[in-house]
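Asks: From Swiss-Prot, here are the annotated features:
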type	residues	note
CARBOHYD	66	N-linked glycosylation site
CARBOHYD	104	N-linked glycosylation site
CARBOHYD	113	N-linked glycosylation site
CARBOHYD	150	N-linked glycosylation site
CARBOHYD	161	N-linked glycosylation site
CARBOHYD	215	N-linked glycosylation site
REPEAT	90-114	repeat 'LRR 1'
REPEAT	116-138	repeat 'LRR 2'
REPEAT	139-161	repeat 'LRR 3'
REPEAT	162-186	repeat 'LRR 4'
REPEAT	188-210	repeat 'LRR 5'
REPEAT	213-237	repeat 'LRR 6'
SIGNAL	1-24	signal peptide
């Protein structure tokens, strides 16, 4: 009986090892496919070799102890091209740092599947189209920075579900519609920058109340098409409201 149990334990250990290896290879396959979709004039992705056992030895990639990818650091790397929907299958990814490049096309809705994601930095690119509502399902997200792109459409009300968020920076896009009152649910929010868009309507009281009941220290909604009245006496917030009537 002991021998049978020992053999069973060995089989289980082997299966777990194979599962971990398969996961690593999956991450590598995804990233290599993304590499092929990008232009890389500076050869920063030269080390992304699909023949290796896993991507953990690649430059600009960080893995956890299980050899799963948790971080991709390609800020200001000179790359261009689209973001593939396959990126949403990087199950352990915590940091996606792709700012300051020439990425184009839309933000894949599949990024909402990255349930461990802490930071999504896609600022200063050439991204177009709407912001996926699915990003509002990433409860672990603390930094969402999509500013200085060409994004259009509304701010997803689903962002009100991001109750761990510290920074929401969507400025210098072409976003339209109203500011969702649901953003007032994010009591952890410290920085909210929505300036230089095409937002309309009034600033919801739920959002303004974050100054009192939350941790908001910077609110920038300048250079939109907002209207209404804002009163801010004794508030801790730096409110830059150039295009609003202030009573």
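Note that Cβ sites are derived from N, Cα and C of the backbone, with glycine treated the same way.
Tell me about the surroundings of these features in the structure.
Replies: Within 10 Å of the C-beta of residue 66 (N-linked glycosylation site) we count 14 further C-beta atoms, all protein chains included.
Counting every protein chain shown, the number of other Cβ atoms lying within 10 Å of the Cβ of residue 104 (N-linked glycosylation site) is 15. Residue 104 (N-linked glycosylation site) carries a strand DSSP state (E or B).
Within the same chain, residues at least 6 positions away in sequence whose Cβ sits under 8 Å from that of residue 113 (N-linked glycosylation site) are 88, 89, 91, 134. In the three-state DSSP reading, residue 113 (N-linked glycosylation site) counts as helix.
Neighbour density for residue 150 (N-linked glycosylation site): within 10 A of its CB lie 13 other CB atoms from the protein chains shown. When secondary structure is read from DSSP and collapsed to three states, residue 150 (N-linked glycosylation site) falls in the strand class.
Under a cutoff of 8 A between CB atoms, and with a sequence separation of 6+ in the same chain, the neighbours of residue 161 (N-linked glycosylation site) are 136, 137, 139, 182, 185.
A coil conformation is recorded for residue 215 (N-linked glycosylation site) in the three-state DSSP classification, outside any helix or strand. Residues within less than 8 Å, Cβ to Cβ, of residue 215 (N-linked glycosylation site) and separated from it by at least 6 positions along the same chain comprise 187, 188, 189, 190.
For the repeat 'LRR 1' (90-114), the list of distant contacts is 23, 27, 30-31, 62, 64, 66, 68-84, 120-138, 140, 145-146, 151: same-chain residues at least six beyond its ends, Cβ to Cβ under 8 Å.
Listed by sequence, the residues of this chain that lie at least six past the ends of the repeat 'LRR 2' (116-138) yet keep a Cβ under 8 A from its Cβ atoms are 70, 75, 80, 83, 91-110, 144-162, 169-170, 175.
Counting only same-chain residues 6+ beyond the ends of the repeat 'LRR 4' (162-186), those with a CB under 8 A from a CB of the stretch are 123, 131, 135-136, 138-156, 192-207, 209-210, 214, 220-221, 226.
Under DSSP, residues within the repeat 'LRR 5' (188-210) fall into helix, strand and coil as 5 helix, 7 strand, 11 coil.
In this model, the repeat 'LRR 6' (213-237) carries an average pLDDT of 76.
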Asks: Residue list, the repeat 'LRR 5' (188-210) vs rest of chain: Cβ under 8 Å, 6 or more residues beyond ends.
Replies: 147, 155, 163-182, 216-228, 230, 232, 240, 244
Asks: At the Cα level, what's the spacing in Å between residue 104 (N-linked glycosylation site) and residue 150 (N-linked glycosylation site), rounded?
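Replies: Computed Cα spacing between residue 104 (N-linked glycosylation site) and residue 150 (N-linked glycosylation site) is 9 Å.
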